[in-house]
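Sequence annotations record features per position, and here TrEMBL assigns domain 'Cytochrome c assembly protein' to 2-151. TrEMBL lists 12-37, 62-85, 100-119, 126-144 with the feature transmembrane segment.
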Amino acid sequence: MVPALKSTWLVIHVVAAIISGGVFLLANVVAAAYLYLEKVESKGDRPAWLQRVPSLDVLDQLSYRLVAFVFPLWTFAVIAGAIWAESAWGRYWGWDPKETWAFITWVAYAAYLHARVTVGWRGRRAAWLCIFAGSTFLFNYVYVNVWGTGKHTYSGL
């Protein structure tokens, strides 16, 4: 195995990124459920099959809490990756497409948290912003991994 791949920082970086991605995905599913339920409720009562789904307020809070919980872990994943990159490649940051999109994802979720905490965005606007931030993560995960170029692409595997 290549010595750079034996680093503890690599393991920490990858594990933190995978956990963050899973929780971000869950937050986006909850945000999408919020938007769907809001649309259903605007047309009248909930159908029987939606009676067990939490209220709009609960979905809104859950999506926010998931992002607020995992955002520091995502930040740590990015920092751990930079620390590992310095030992592996001699640089902390190279604006590789994966690094760039990880940063864009970080900014998008930071904007979501900022809009919730300082501007007071709730409900529909917050859900759409959460989904936008999640789309930057999914773009990074799918497009950059498969079709991108740079040190983080896995299309040749």
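Glycine residues also receive a Cβ, built from the backbone N, Cα and C atoms like all the rest.
Per-residue confidence over the domain 'Cytochrome c assembly protein' (2-151) averages 92 (mean pLDDT, predicted model). With helix defined as DSSP H, G or I and strand as E or B, the domain 'Cytochrome c assembly protein' (2-151) counts 124 helix, 0 strand, 26 coil.
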